[in-house]
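In what follows, a single structure is set out as structure tokens and then discussed.
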Amino acid sequence: MGVTAVLMLPLLLLGISGLLFIYQEVSRLWSKSVVQNKVVVITDAISGLGKECARVFHTGGARLVLCGKNWERLQSLYDALISVADPSKTFTPKLVLLDLSDISCVQDVAKEVLDCYGCVDILINNASVKVKGPAHKISLELDKKIMDANYFGPIILTKALLPDMISRRTGQIVLVNNIQGKLGIPFRTAYAASKHAALGFFDCLRAEVEEYDVVVSTVSPTFIRSYHVDPGQGNWEASIWKFFFRKLTYGTHPVDVAEEVMRTVRRKKQEVFLANPIPKAAVYIRTLFPELFFAVVACGVKEKLSVPEEG
């Protein structure tokens, strides 16, 4: 019996591997069928995540409208997509200059976006501006700039494109948000405020447009890290709070987030929290045991401030 079990084990592993491969292939083909011929707008397409979303949706056969505030980088992304694409299975992306922090021009850009294909099926609100520092040292002008880029800009664009979705009774709006839309992390007051505001808006919008068959989705990773950068080491890393804060701030790779955005579109998920167990636990602790959460965070800040910076 033992010999039989040993002989069966490789076959079992092979069978499981085969099933996983089939599942992945079916999921990949399903993803393509879901977005094929769909008009997909991606804001801040020149960011790390924006590029990966562009790659995933372009490969899936979507009609892309790529938005960004730097024309040269948009053109570079365009060239990269075209160079590896099968022209018989993909569409040539449209490029649109858009700086969401300049809210005075968003309405006009929304019209330009609609003019590309006449409609929008999927809007991926990806643009984001970050700032870090003590609250009393961040100017009101910078606070406003962060709110314009992370809140007012995306909602102006969404409101401009939404009537078309409602009239056609179809569409999906995806907000790429952040864990800081659910809890605040010290020294990121302006950023956290903008992310809380954005999440609140799209949570409300979800209920409002459900009757029109318009789906509103939010994808909230911890942080979206750059391709080759790992969390930095410093003196503070030796403190007893390093585990909590490093796990809370250690980001997700852009490729992983882009694939999750595609799954969110494919499955029409309403909310996705893309994080390892430590940040997830922090959100639950913040909700169920707020005083404990505040105490831990405050102690961590005191510990950080008591350790001199390197260099």
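Backbone N, Cα and C atoms are what each Cβ position is placed from, and that goes for glycine too.
The feature signal peptide is assigned by Swiss-Prot to 1-18. Marked as NAD(+) binding site by Swiss-Prot on the basis of similarity to another entry: Ser47, Leu49, Tyr191, Lys195, Ser226. The active site, proton acceptor annotation in Swiss-Prot covers Tyr191.
Taking the Cβ of Ser47 (NAD(+) binding site) as reference, residues of its chain lying under 8 Å away and at least six apart in sequence are, in sequence order, Asn126, Ala127, Ser128. Secondary structure at Tyr191 (NAD(+) binding site), as computed by DSSP, is helix. Secondary structure at Ser47 (NAD(+) binding site), taken from DSSP and collapsed to helix, strand or coil, is coil.
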